[in-house]
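Please read the structure below before turning to the comments.
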């Protein structure tokens, strides 16, 4: 009995000692966890401080980025203003330069020999512009259709089909330009057929009819043909003004798009258009004077057609992607249609006038042959000028 009590007491004491020891270990564990938590909190504070530092640094980067973006916007506005100023200045300069040159050309009678040479030069310029510049430029393949030309055979066939369809489209619009200009001229002749003179060349036709009454009857038919010839050429002069205006629109589109791509390209395009316009404007001036306009009337009309270049330039600068507009303008109906008009004016209106010029003067056969040779050389000079411009471009 005593042994059982002693064993029970010993068990109680040992159990109490074990509980106290485990309790101490438990509290020591809690303390280590507290220390661990305290250490972790210290590390968290460091991370928080580092996060605040990163946040401040991020704010500083945002401020700097906003400042840079603001400077880029200001620079972009200045660049846009520069493009507008350069483009419009180039267009105005190209328009004024030929008109200034025209003042130094001596005024002559419609059948003057020097004016006939200018007329032949203008015919060559029209043919060269249409056949050596406008049509080849419209037929040339564009970069976007040949960027991946070597990928596979089917893509090559697609490019070939695209080029063929483009050639057909350009040829169709050239023919359309010729037919439309012919129909317009026929319409003008029909409208003017019942009148002896129009509003613009009334004095010229009236003077010619006055001379008909003064000359002998044997010369009346020849004079009547000359009067009708003046009326016919007048219609072609208006057609030439329309074609020149449309052509100037395409020049303005090219200049605006070039300056949008870069100043260097813009000035190169400006020089090319200027070299192209100088002989072109001289020929147009000769056609207008030959049609019955006075020298200063012809210069004013040439200045009016220059508004087409300004219109095209402004439109090119207003669009979002001028470069693509320039490519679309080159392959659209505008340029080949204008080329057809130039071909019609040169071959139907100007060249026949040159062929008939020797029939109305009292020159020997040798002198007429020499005059025809000079006209051919003037046509070749006009074509040659456009050939050089095409090479430079």
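The backbone N, Cα and C atoms fix where each Cβ goes, and this holds for glycine too.
Residues or ranges marked as N-linked glycosylation site in Swiss-Prot: 66 (among others).
Marked as transmembrane segment by Swiss-Prot: 85-105 (among others). Counting residues 6+ beyond its ends, the transmembrane segment (85-105) has Cβ neighbours under 8 Å at 118, 251-252, 255-256, 259-260, 263, 266-267, 270, 273-274, 277-278, 280-282, 285, 295, 298-299, 302-303, 306, 309-310, 313-314, 316-317 in the same chain.
Annotation comment: Swiss-Prot describes 117-137 (among others) as transmembrane segment, evidence class sequence analysis. Sequence-distant contacts of the transmembrane segment (117-137) (same chain, six or more residues past either end, CB-CB distance under 8 Å): 105, 170, 174, 247, 276, 279-280, 282-287, 290, 330, 335-336, 338-340, 342-343, 345-347, 350-351, 353-354, 374-376, 378-387, 389-390, 393.
Annotation comment: Swiss-Prot describes 142-163 as region 'Disordered'.
What Swiss-Prot records for 152 (among others) is N-linked glycosylation site.
Residues or ranges marked as transmembrane segment by Swiss-Prot: 171-191 (among others).
Per Swiss-Prot, the feature N-linked glycosylation site maps to 248 (among others). Cβ neighbours within 10 Å of residue 248 (N-linked glycosylation site), excluding its own Cβ and spanning all shown chains: 26.
If you look up Swiss-Prot, you'll see 255-275 (among others) marked as transmembrane segment, on the strength of sequence analysis.
Under the heading transmembrane segment, Swiss-Prot lists 303-323 (among others).
Per Swiss-Prot, transmembrane segment is recorded for 332-352 (among others), and the stated evidence type is sequence analysis.
Within the same chain, no residue at least 6 positions away from residue 362 (N-linked glycosylation site) has a Cβ under 8 Å from its Cβ. As annotated by Swiss-Prot, N-linked glycosylation site applies to 362 (among others), with the evidence given as sequence analysis.
Annotated transmembrane segment per Swiss-Prot: 372-392 (among others), in sequence order, evidence recorded as sequence analysis. Sequence-distant neighbours of the transmembrane segment (372-392) (same chain, 6+ residues past either end, Cβ-Cβ under 8 Å): 116-118, 120-129, 132-133, 136, 272, 275-276, 279, 283, 354, 357-358.
For the transmembrane segment (255-275), the list of distant contacts is 82-83, 86-87, 90-91, 93-94, 97, 309, 312-317, 322-323, 325-326, 385, 388-389, 392-393: same-chain residues at least six beyond its ends, Cβ to Cβ under 8 Å. In the three-state DSSP assignment, the secondary structure recorded for residue 362 (N-linked glycosylation site) is coil. Residues 83-84, 87-88, 91-92, 94-95, 99, 241, 244-257, 259-261, 284 of the same chain, all 6+ positions outside the transmembrane segment (303-323), place their C-beta atoms under 8 angstroms from a C-beta of that stretch.
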